[in-house]
Amino acid sequence: MSTNPKPQRKTKRNTNRRPQDVKFPGGGQIVGGVYLLPRRGPRLGVRATRKTSERSQPRGRRQPIPKARRPKGRNWAQPGYPWPLYGNEGCGWAGWLPSPRGSRPSWGPNDPRRRSRNLGKVIDTLTCGFVDLMGYIPLVGAPLRGAARALAHGVRVLEDGVNYATGNLPGCSFSIFLLALLSCLTVPASAYQVRNSTGLYHVTNDCPNSSIVYEAVDAILHTPGCVPCVREGNASRCWVAMTPTVATRDGRLPTTQLRRHIDLLVGSATLCSALYVGDLCGSVFLVGQLFTFSPRRHWTTQGCNCSIYPGHITGHRMAWDMMMNWSPTTALVVAQLLRIPQAILDMIAGAHWGVLAGMAYFSMVGNWAKVLAVLLLFAGVDAETHVTGGAAARSTLQLAGLFQPGAKQNVQLINTNGSWHVNRTALNCNDSLNTGWIAGLFYYHGFNSSGCSERLASCRSLTDFDQGWGPISYAGGGGPDHRPYCWHYPPKPCGIVPAKSVCGPVYCFTPSPVVVGTTDRSGAPTYSWGADDTDVFVLNNTRPPLGNWFGCTWMNSTGFTKVCGAPPCVIGGVGNNTLHCPTDCFRKHPEATYSRCGSGPWLTPRCLVDYPYRLWHYPCTINHSIFKVRMYVGGVEHRLDAACNWTRGERCDLEDRDRSELSPLLLSTTQWQVLPCSFTTLPALSTGLIHLHQNIVDVQYLYGVGSSIASWAIKWEYVVLLFLLLADARVCSCLWMMLLISQAEAALENLVVLNAASLAGTHGLVSFLVFFCFAWFLRGKWVPGAVYALYGMWPLLLLLLALPQRAYALDTEVAASCGGVVLVGLMAL
């Protein structure tokens, strides 16, 4: 018999209990009863083994053992969450029937939304959602989804490049912000030029002398929104627009002349930086903005009307330019990079000592960003790659509408003591108090227009008045009592009107028509329909946005039309033929706009606001045409109809076009609808110029094709900023960029709203929808400011509060004052 112990089955009782490795989700482990955090460095030797000398040391504080997080559902814009938000299951089952393999979206671990942050969440959600929608298309869903998926990954690669540059390259994040700011300053939000011709002002695209910034022998640097018209001999011709701010004689940049100026610019900036007097040089440079650098070389006129009638542009051409916009831009960048070796040889051969000294100094101090900027600046002056591009407008047009003439009442004009009014016996003032569309005024056949020619005999055209000039003031009095039917008769100031003396409703114009109710003199509403002696209409108010309306119109109990309104504008001039303007009098004074001078329903001398009782108050406007109008007054949107006096065959030259302050509606992808024989101040998106239709008088183009429009613009503000940055003028650079931000505030408004929408979207769909609804109805800084304050984005809130209300033009006096302040401060220190 063996003396060895009998083998036993291993159980929990007889098994040697040795410490087992316990794995936690975070990667840590327990050693000696202490939870140790996971090591981030290289794992060498025996892990978590205490030395003999350390065993006598007191143990550290025990770390709590982490618990595995419970899996949560994916939210909107997160990887793995199907898009769109609604109808995904229905689209999936419907798409599975004709295309079973390409219906369900499946991204896997390569979902671009996994690396998204900030604005990238919005971009990747849109691109990936577009990919998912492509998969729902029957039969061809799979190949289309594959192509769209490749495009989404390409967009993600570009975003990764931007993220790497902003997070790793020193100073690149600020440079991207600077480029975004300069892109906002390229084409202004509203730019148009005015020419004075034979006593009338009219719109043009020709640059005035005040828009010319710098002149070379074969090139002109000018402000955006115009094209130079140069007189050579006995004829004037338009120069070729290379960029929105540079025009040349023959479409080629004169490299020799520009390189001389770049040589001087870089050399002086390098000297200031090397001597550590950058702010001193920058302040002197800013003060020098008050003086002219070079004499005039060319005779610029305004007799060409460059690109005012570009011809018909289809939506296909616009879409083609948009698709082709990236390829020439890439070619332009690559061409400039490949041109650097030749540029270095040209520097040495051409003895450009300023550029060479700048490159040498910036290389020695290790400022490679400035070296690259100087190289690209010198190599880019002979680039001949041009880009034609555009952007689509985001607007909608509602073509359906009902003209509502109202109920039938026989109306006839009567002349009493030289004043025309409606026959009192034909009207029923009690029935007319119903202001709905069912009980309006009368049908066309119920009006006898035999007296209209005599009634309108006292009305005059805008061309019959003298031209105004100088600053605009306001008149104190008003026009006659019984002749408000002509556009040029200024109304009296509004006050309190007894309700018993009014027949029908009282309409006031904001410019949208609104009906004013009866109240007592203290403002408390009454409901006796004006039967009491104490019922009145309180109409005294001021012009929007400070007040409620521009003016009011009603009919008194004897059939006469009465009006009141804000004080009209006095546009200047001498003699007895001057005009007190109650509407937009652009052709007599460019500063007389409707928002500044409007005193009633007249939007222009041809058009007035259409409302249900228009044919009662203005019966001779029965043949006016109706146009859809959208306006913004004080940041508030107004959608209304305008009745315009326009007949086919009338002359509509540039001298005959009025100005209309509209945010026009779209007729097509490339056309806006404006009032007949007028123009709106919004320039075309691609060129920054005014483009009108030559044959159709109520069409203006939102997209235009210039001679050769480059995507990169050169402005004098950029030249000043480049000099200040190269010269290390830190204080002057900050002041100059503050001026640029204030100048670009109008273009930054939409950018601020987009940024606030992105911030709200990162906190969920509900917050995004709430922000969208408020931003749709409330314009201004309140909604983005509330979002920034709610989510704690205090730097953006401070930036938003620092922006001015309106974008003011950057003039030389402001720049010189900033430079003078810095110069005095340096001398005092």
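Each Cβ is built from the backbone N, Cα and C atoms, and glycine gets one as well.
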Cys644 - recorded disulfide partner, Swiss-Prot, among Cys585, Cys597, Cys607: Cys607
Residue from Asn234, Asn325 to which Swiss-Prot assigns N-linked glycosylation site: Asn234
Range among 385-411, 412-438, 574-600 that Swiss-Prot annotates as region 'HVR1': 385-411
Arg237 / Asn755 share membrane side in Swiss-Prot: yes
Swiss-Prot annotation of motif 'Nuclear localization signal' - which of the ranges 66-71, 204-209, 654-659 it falls on: 66-71
Swiss-Prot annotation (transmembrane segment) - matching range among 169-189, 274-294: 169-189
C-beta crowding around Cys486 (disulfide bond), within 10 angstroms: 18
For the region 'CD81-binding 1' (480-493), the mean pLDDT of the predicted model: 76
Among Asn305, Cys508, Cys581, Cys597, which are recorded as recorded positions, the nearest neighbour of Cys494 (disulfide bond) by Cα: Cys508
Distance [Cα-Cα, Å, rounded] between Asn196 (N-linked glycosylation site) and Asn305 (N-linked glycosylation site): 13
Tertiary neighbours of Cys569 (disulfide bond) (same chain, Cβ under 8 Å, six or more apart): Ile472, Ser473, Tyr474, Ala475, His580, Cys581, Pro582, Cys585, His589, Ala592, Arg596, Cys597
Helix, strand and coil totals (DSSP H, G, I; E, B; other) for the region 'Interaction with APOA2' (122-173): 44 helix, 0 strand, 8 coil
Inter-residue Cα distance where the pair is Asn645 (N-linked glycosylation site) and Cys652 (disulfide bond), in Å: 13
